[in-house]
Amino acid sequence: MKKFFKNYTDWCKFLGRKSNIQLPYLKEEAQQYKLLYIGLYLLIWGEAANIRFMPECLCYIFHHMAYELHSLLVGAVSMETGERIMPVYGGGSESFLNNVVFHLYKVIHEEAMKNRNGTTDHSSWRNYDDLNEFFWSEDCFQIGWPMRLEHDFFCIDPSSDSKTKKPRQSVRTDEDKKSPNEDEEMEDIPDEGHKVREGKWLGKTNFVEIRSFWQIFRSFDRMWSFLILCLQAMIIMASHDLESPLEVFDATVLEDVMSIFITSAALKLIRAILDIVFTWKARNTIDSYKIRRNVLKVLVPMIWTITLPIYYINHRGKYTCYSTQSQSWLGEWCYSSYMVAVAFYLMTNAFDMVLFLVPVVGKYIETSNSRICTMLSWWRQPRLYVGRGMQETQLSQFKYTMFWVLLMLSKVIFSYQFECNGGSINFFPTVQIKPLISPTRQIMRIGIKNYDWHELFPKVKSNAGAIAAIWAPIILVYFMDAQIWYSVYCSIFGGVYGILHHLGEIRTLGMLRIRFHSLPDAFSAYLIPHKEKDNKEGISKWFLCLREKAFEKNSIVKFVVVWNQIISSFREEDLISNREMHLMKMPLSSELFSGQIRWPVFLLANKFSTALSIARDFSGKDADLLRKIKRDDYMYLVVTECYDSLKYVLEILVVGDFEQRIISGILDEIEGSIGCSTLLEDLNMSELPALHTKCVELLELLVEGNEEQYCNVVKALQDIFEIVTSDLMLKGCRTLDSLYAHRDGDDSELFTHIEPQLFASARSIHFPLPDSGLIVDKIKRFLLLLTTRDKAMDIPSNLEAQRRISFFATSLFMDMPRAPKVRNMLSFSVLTPHYMEDVKYSSEELHSNKEGVSILFYMQKIFPDEWENFLERVGTENLNASNDEINEEDLRNWASFRGQTLCRTVRGMMYYQKALKLQAFLDMAADDDILQGYDAIGKGNDTLSAQLDALADMKFTHVISCQMFGSHKSSGNPQAQDILDLMIRYPSLRVAYVEEKEKIVSEKEKIVSDRPPTVYSSVLVKAVNGFDQEIYRIKLPGPPNIGEGKPENQNHSIIFTRGEALQAIDMNQDNYMEEAFKMRNILQEFLRERGQRPPTILGMREHIFTGSVSSLAWFMSYQETSFVTIGQRLLANPLRVRFHYGHPDLFERIFHLTRGGVSKASKTVNLSEDVFAGFNTTLRRGNITYHEYMQVGKGRDVGLNQISKFEAKVANGNSEQTLSRDIYRLGRRFDFFRMLSCYFTTIGFYFNSLISVIGIYVFLYGQLYLVLSGLQRALLLEARIQNIKSLETALASQSFIQLGLLTGLPMVIEIGLERGFLNALKDFVLMQLQLAAVFFTFSFGTKSHYYGRTILHGGAKYRPTGRKVVVFHASFTENYRLYSRSHFVKGFELLLLLIVYDLFRRSFQSNMAYVLITYAIWFMSMTWLFAPFLFNPSGFNWGKIVDDWKGWNKWIVQQGGIGIHQDKSWQSWWYDEQDHLRHSGLGSRLIEILLSLRFFIYQYGLVYHLDISRQNKNFIVYVLSWVVIVMIFLLIKVVNLGRKYFSANYHLVFRLFKALIFLGVLATIITLSIICDLSFKDLVVCCLAFLPTGWGLILVAQAVRPKIEGTALWHFTRVFVQAYDYGMGIVLFAPIACLAWLPIISAFQTRFLFNEAFSRRLHIQPILAAKKKKHR
């Protein structure tokens, strides 16, 4: 009860209201009241539809309805009317839906429609958070109960509300008038007929999502202030040339260093101004206290910004000094008035420091509602309902504080002290602060008056431009290199943490065999429920000890049952063959209760043959032989087991009395020899191999069980008897002698009379053996023990089976809670959203060759061993069997279970039910029942089976939210039948969907009612008798998909989940049987308090199962694996900032259903909907943990285009996170070090990627400025004359570090942890050979482009990747569409900059210096230009090249229009590509135009280096260059007009016209070359100058599109862009076509794309051959 209503009671306390949950004093009645209140809340929540995303709105509704409920229960009477208080919305069955939910839903829906699919500004509409946060203010009670629909909250668009409104007639209850909770805020509701004021749109609440990069500074201002102040302090210290750190305490130095606090005050002023500007559109909902606070937040730093500089200027150097009497390192210390002022300035932060050092006090102050605490916290943070009391424990805070202190110290020391070697890409960030001070001074002293161009600012002294060009990239790298340091420290701390938690202890099958003997004990410790210890007095210790021993023996049996079930699941999944299954299973027998374990045969492989060899060749004493065999425990066990098994086989096979006596006597003699230690003396060990061979022959006959082999069985027995009695036993068989002594006659005659009759009589042996599974299994195991050789050492041979079994074994030694009994465990549900993804591959899809290779053929070649195992399972021995010989449904299932399909996810999740039933059986069954087997008991005992089913269903529910199931059913879509088949296969599976039905209404109702004509319902169905049967139906107020699709899909179906926990599973995930057994353990984590709060979200690790054959899939798999393991390990502990990432996290269900659900759904801003659940949980004082002892599978994209779309979607999502209120509140309300964790692990990575790219441009344009202006040549000449080496170094150093290449370090560490560091090194080298650096650099460009563009212009959207399983060839047109603006344009720009830089630096700079400076940028530019073609399968196949060229030419000229998709027409694509600019704000357009000016400055620098200019530095030269550009435009326009008017009817005239223009241009060039010395170099430089200028003009035209659209200028822009795209396409296509002529290039590409497949001996060539065949 307390946990259920925690959010409601906190809400009441926050608003100063008394809770309406009132319980009687009697315990029995109180229990009934609790149930009623819980039932009321769940009924409200269940029918609330989209309002479930607004938890405090639900609190408001519950607050009023709880009052009504209590009034009904106690029979309260109104003081005014004297009548009993009745519910306001009582009556009809849909009264609550129609009168409460519908009106709130209508507000949500209408506001969401203003979004216009993400094209409008966030400030123009209210999202879920805005509407919910209105209920964080006492103003919400003005809405009243019944709700006043004329209240401003319900106003959507005041412009449409021009007329006055009549309020609805309503009856106010006694609570509305007299309740202490209502009487102050409730406004009087006018009587019917009174006119009320026009509604006013409230606008945003508390926060406005403004598109601006200033949001990053505003959210993380403390971090930026720290970095800026550190930079300033380092520059000051370096300027003073300090030789010792203690010199900083010198008064002069210290005073200068303390000038950073002037900057600090200015930064605080900027932050305060930004707060006012950015929240201006939310002013209507901000109370007066916050307004006063915002004003003071501006005034106070403004005062300090004025005061501190005045003190610094007026009192600098005016010190008051004191000398210490004793000898101290301080000596004489001095201070000035400015220092005193700074001390007063810092006193304002003393309170924050105290709260940081004592987090308990800070938490109490933030969460308390007392007036004193409110006043104390008022200045620090605005009072909000969320974001209070997020402090961690002292220990947690100490850990993440030390992490960041070490990291920041490393960053600052390296940034200050160490110099960057020219041009090298170092592992560590090497920003040069101190080494640059001296060159900077020298540059400032050198006077340069002659420039190579027209200097626009000749009066600027000290060479400020050169200093800016050198320092700008340094400063940019300084601001981003902490991200690199984070990667380094993440690798170190994450690796150490993983080692401490036993990760990778069992990595190989060899390690598994060594540790296997300890698995039963570990299994018993964690996975078997332990009985509670009886603490009653009088129970002796020996009894407890006996009970514990009995439990241990029982637990071994349970381990064997579970182990065998795991191995059976491997076989069902076709990971292992039948033989491997027999080798891996453990026999289940009563011997286990005596502690005698029969280990699986794969552990005992080759042990018996080794023991046989040892015994055969051994010479010595029996004790020595026994000691030698016992050195290997498994060898000793297999010898004893084989001996016992032989006795058992002979016992059941030989039934003749005489034969039994002979065998018994022989065995007694052998055991007597063993007992007397005379075995080696009595037996001839060299005959053991012969005996072994005959025993194998006998066992094979027994396993075959063919009656026709009876004589062979007799012969085998006789041969064994002959070997034992005649050859093995050196002293003869005393048993035979004693038996034959009783018979008359000669011994030889007797022997010849008896021997042929031995085992030959009809009653001597029992063959075939009894049809008993136990007997057959024992004989098979005995045969395997005798025949298994070295090959079994690699069992299982399947890599996935090896990985899974190794991880399961490793996890048993990790720290996990003990499992409770199934009856006592927490119940849970799994929720899987599904839209249009594949449920199961259809027969047509399996055999279709649209991509050149069918899915089935691809699967057969990628998983050859699993295909063979599948054929064996279905009884088809022929590996080349046609598909017609195999059941089609089995074929579809086999292929679908290896793709990213829904049926794979469902199979994996339903392992939970299977595991729970088996665990419940082990909890309930007696020992004898366990020995009979789970399957046998389930079939033979209907009562027990029903109990197990009921218990499993009570503890587990799997709901698939199939949004389109209803429409698929009505349209006959095959997906509906596939989903129904899943429900039939798994009877406990439930499917939820949204049903739409047209509502039949009369004409009168259509006019009166404002309800939609379509009725929407959430429906839950199950399978009954082959059909879907409705279980529940809940009517909705309207279509549920208002915001983002996935969270809305989850929200409508979450009401059908049950239990205390909820697992969010995507439909491209998988689960494993062995992991399902640990579900009880991980659920117990909710009951373990870690720190101050119990967990509310449990994270677990994932295995990426799509890293199969493509090198790209391999890279992506490792990248994702490093994030979901070492990355999240560090986020959870020690950083304490792990959120929810759409992975298989377990949610504490009650916590989240009362706080907004498991995701957020506001359109666009919550594009990455999952992570906002983590933000919301953290802000609401939840606790998110991470546990690595359990894993699930996860699919990822496998092709470059799919990966890029995914990366673009994530980058878009991070851009929207940057603008969100959640990030803002986390950044402002975390303490400083936890705020750093939040920044660098969320949006910081993407922003730093963007800074890295900007740094490249700043560096290149800076170098170009130095070269073209002549500054670099002049400075280098001066440096060489004066022999100033530091200046030369500063001018020839590279400050750019590739962030993308360093993010792989955690990946390498994680591979080393889990697979060994030698394997990690090998994989790392192999990845580099497969061009992993190219892939990560290209991906780096994707992230930076989409992150920056989305913040600036918007345009974030969901990008479906298709999750295709077949690696296919992408056409040149598709690649160009995807990467033209994100990579190709940027790559061409960098290429041009590098070429121009190379052309104009040759006269004064060596080639080696140029290479060292620019090789990394060359690598990046070439990567961005050609990576899509390198990673494109068959990208250098000549046939594909020809097809791509034809498709490219068709696409580039195809006219666009309505209904023509962008993959069909360049024009349609171009309009879609710049669609984000159409809805961009004025500020963003201005920034776009300003960024475009760089091309004109670039042109400005080049035109002065033309020979035709004759070194003229007049500005007219630049003007004339624009005249040339205008003339070129006019020529293009003239040609375009000629094409328009003459090309169709006057083709010859048009061709003559073009010829004349060409001749005219040629004549002009010749004339200029003769008269004005125009050279060939001038033509090249003009091209290099004017081509970027043209692109700059295009960018400007696109930015001002609203002003010029519809004019001839816009049409000309479109033609111009088309020409540029065509030209860029040809430049890209030409080298690809040339390389396609060389067969070795195609072979090399195939090798590095599919090298992983070659190493696993897979068949890629047949796939590619099939593609070529299809092409022909």
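Each Cβ is built from the backbone N, Cα and C atoms, and glycine gets one as well.
According to TrEMBL, the protein carries these features:
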DOMAIN    32-148  domain '1,3-beta-glucan synthase component FKS1-like'
REGION    160-192  region 'Disordered'
COMPBIAS  171-181  compositional bias 'Basic and acidic residues'
TRANSMEM  223-240  transmembrane segment
TRANSMEM  294-313  transmembrane segment
TRANSMEM  338-361  transmembrane segment
TRANSMEM  486-504  transmembrane segment
TRANSMEM  1238-1260  transmembrane segment
TRANSMEM  1325-1342  transmembrane segment
TRANSMEM  1412-1431  transmembrane segment
TRANSMEM  1486-1503  transmembrane segment
TRANSMEM  1515-1532  transmembrane segment
TRANSMEM  1552-1572  transmembrane segment
TRANSMEM  1579-1600  transmembrane segment
TRANSMEM  1620-1641  transmembrane segment
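A contact between the transmembrane segment (1579-1600) and the transmembrane segment (1515-1532) is present, since 3 or more of their C-beta pairs, 6 or more residues apart, lie under 8 Å. Long-range neighbours of the transmembrane segment (1486-1503) within the same chain, counting only residues 6 or more positions beyond its ends whose Cβ lies under 8 Å from a Cβ of the stretch, are 453, 1257, 1261, 1264-1265, 1268-1269, 1352-1353, 1393, 1396, 1477, 1480, 1509, 1517-1518, 1521, 1581, 1584-1586, 1588-1589, 1591-1593, 1595-1596, 1598-1600.
Of the two recorded stretches, the transmembrane segment (1325-1342) does not lie close to the transmembrane segment (486-504), with fewer than three CB pairs under 8 Å once pairs fewer than 6 apart in sequence are set aside.
Touching of the transmembrane segment (1620-1641) and the transmembrane segment (1515-1532) is ruled out by the presence of fewer than three CB pairs under 8 A, sequence neighbours closer than 6 excluded.
Proximity of distant same-chain residues to the transmembrane segment (1552-1572), defined by a Cβ-Cβ separation under 8 Å and at least 6 residues beyond the stretch ends, is recorded for 1508, 1510, 1531, 1534-1535, 1538, 1542, 1579. Away from its own ends, the transmembrane segment (486-504) comes close to residues 403, 406-407, 410, 428, 810, 813-815, 1125-1127, 1129-1130, 1133-1134, 1188, 1240-1241, 1302-1303, 1305-1306, 1308-1310, 1312-1316 of its chain (Cβ-Cβ under 8 Å, at least six residues beyond either end). The domain '1,3-beta-glucan synthase component FKS1-like' (32-148): residue composition by secondary structure is 78 helix, 2 strand, 37 coil, according to DSSP. If you average pLDDT over the domain '1,3-beta-glucan synthase component FKS1-like' (32-148) in this model, you get 91.
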